[in-house]
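K.L.:
One structure is given below, represented as structure tokens, and several questions about it will come after.
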Amino acid sequence: MPIAYKRIVVVGGGTAGWMAAIGLATALPGSTVELVESEAIGIVGVGEATFPMLREFHNRHRIDEADFLRATNGTFKLGIEFRDWRTKGQRFFHTFGNFDDLTGPACLWGQYRRVNDPALGPLSEQCLPSVMASQGRFAPPPAEQPNLYSYAYHFDANLYAGFLRGIALKRGARRTEGRIVEVKRRADGGVDQLKLEDGRVVAGDLFIDCSGFVSLLLGRALEEPYVDFSRWLPVDRAWAVPSEPSGPGLTPHTVATALEAGWTWRIPLSNRIGNGHVFASRYIDEERARTQLLEQLDGPALAEPRLLRFTTGHRERFWVHNVVGLGLSSGFLEPLESTSILLIQRGLEKMIELLRPGARPAAAAVANYNKGMTRVFERIRDFIILHYCLTERRDSQLWRDMASMELPETLDFKLHAWRQTGSLNMNGEEGFEATSWLAIHAGMGNWPVRADPLLAEVPFEVALQALRQRRDHYAAVVAAMPTHDAFLRRIMRSNN
Ligand SMILES: Cc1cc2nc3c(=O)[nH]c(=O)nc-3n(C[C@H](O)[C@H](O)[C@H](O)COP(=O)(O)OP(=O)(O)OC[C@H]3O[C@@H](n4cnc5c(N)ncnc54)[C@H](O)[C@@H]3O)c2cc1C
């Protein structure tokens, strides 16, 4: 079998590095995959909520769900509950479920709006996993309807990297411990070798930069410029702290609560709660942000809060010469919709697609890779901005600025299309599907200005009855499901 790159070197052993090592060692058995990491530097160790696509990675690499949950103190995630984003006191769900037909006379949200019956409750009661999340219940979709809804996980990011490491080593990847102190370049600008602190040298043909925020190869060595999104997404710091489990317990969802100058996350793991406050330092000082986080904890903090600093955006190019950036080294979007690991996976899969044929990808293919990754970052950026720009809050400067900001053209267009025509305009490579956009529009009370005349083809009483039945059916189905806690205990025991 022809080989595109004989020696592949992965720099960094966080989630990105070990996912890359597993993917590359599996897909390219003719290449060597060597991962260099430094225990002394460590990994970022946050990133505890995921997106359903991670299950595809696990399935592809035969990673058993119960093994994974046990090893990482994992729990199930049906989506996110947003609190105080539209107005203080208001909440809504964005879960990984759909709202059936989104067009034509049977359009579910259209009929819901037309019927306009307060007794129906929020639109989310028409979405099965949202009802499950609100009731604290969990069961996977039935085998005969695997796409009825989807789910993801919460886990301890430190444990996950270690868990992936064990798998990668079994699949043939090698690990080299050591701090990289110098990056030696080739005449054409690419990377040739890495020099370690103790004098050893690691040479390679292709380098995957998973070195985290420091961006050792793509940023520092190759000086690839950074595209800064902070004019739209100004948060640039996070305090993170684990706490003892108490309060609502093992909710099968993340909670994201909007505060004065940012938002907090609450992520339930099987042994503790992960908490964080993501905030914009131009609107609040670090100390006040820390206090606001500690005031929100359900139980006592289990460690001192840790401060992380970042700039939202991405490297202009992700693949430059023989260096491909994955994970934080290539860019970062605030973790409101848990998309970082999703972006790692997207980049990894697209890269493997280009390497698998066994020839070095042509310049046009690399340019296309870079365009594709830029597009995914921009589309997810737009989706995250949507949560802020629709706010009705005016109680602090952050929210006043978010409500009046000039939007990226791509988002402006989508908002216009939705408001004027009820079209959830999707362009491919979105990251989030139409149903996710609908969940945020509905949750934030942003509806189209006029109804589609097609909706009237369904008699009013028929529409009302169908919506009532659907809501009651889901309520009954969910009432019969186990609690998340009980389901998790069962699955954890199952393979013992
Ligand atoms: C506040 C915050 C919250 C987040 N929440 C989420 C979330 O909920 N969901 C989600 O999907 N993502 C989240 N993320 C992102 C997530 O943490 C990362 O995408 C993920 O952990 C991958 O990180 P990484 O592997 O790119 O970098 P890291 O984990 O930082 O790994 C970098 C690696 O490079 C090595 N390294 C660096 N320099 C050198 C050197 N000189 N020599 C040798 N080795 C070196 C380090 O030792 C380490 O092994 C969050 C991030 C932040 C900051």
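Just so you know, glycine gets a Cβ as well, placed from its N, Cα and C.
Bear in mind that TrEMBL entries carry predicted annotations, made automatically and left uncurated.
What TrEMBL lists as active site is Lys77. As annotated by TrEMBL, FAD binding site applies to Gly13, Gly14, Thr15, Ala16, Leu328, Glu337, Ile341. Residues or ranges marked as 7-chloro-L-tryptophan binding site in TrEMBL: Lys77.
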K.L.:
Of Thr15, Lys77, Glu337, which recorded positions come close to ligand 1, meaning Cβ under 6 Å from one of its atoms?
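P.N.:
Among the recorded positions listed, those whose Cβ sits under 6 Å from ligand 1 are Thr15.
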K.L.:
Give the residue from the recorded positions Thr15, Ala16, Lys77, Glu337, Ile341 that has the most other Cβ atoms within 10 Å of its Cβ, counting over every protein chain displayed.
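P.N.:
Checking each of Thr15, Ala16, Lys77, Glu337, Ile341, the winner is Ala16.
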K.L.:
Under 8 Å Cβ-Cβ from Gly14 (FAD binding site), six or more apart in the same chain: what's there?
P.N.:
Ile43, Val44, Ala161, Cys210, Gly212, Gly327, Leu328
K.L.:
Cβ neighbours within 10 Å, counted over all protein chains: which one of the binding-site residues Gly13, Leu328 has the most?
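P.N.:
In terms of Cβ crowding, the pick is Gly13.
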K.L.:
In the three-state scheme derived from DSSP, which category covers Ile341 (FAD binding site)?
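P.N.:
DSSP assigns Ile341 (FAD binding site) to helix.
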K.L.:
Work out how many Å separate Glu337 (FAD binding site) and Lys77 (active site) at their Cα atoms, rounded off.
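P.N.:
The Cα atom of Glu337 (FAD binding site) is 12 Å away from the Cα atom of Lys77 (active site).
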K.L.:
Through the lens of DSSP with three states only, how would you label Lys77 (active site)?
P.N.:
strand
K.L.:
With H, G and I counted as helix, E and B as strand and the rest as coil, say where DSSP puts Leu328 (FAD binding site).
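P.N.:
The residue in question, Leu328 (FAD binding site), is helix (DSSP, three-state).
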K.L.:
For Lys77 (active site) and Ile341 (FAD binding site), determine the Cα separation and express it in whole Å.
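P.N.:
Just about 15 Å between their Cα atoms.
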K.L.:
Looking at FAD and its recorded binding residues Gly13, Gly14, Thr15, Ala16, Leu328, Glu337, Ile341, figure out the farthest C-alpha pair and report it in angstrom, whole number.
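P.N.:
Site span for FAD, by Cα atoms: 23 Å.
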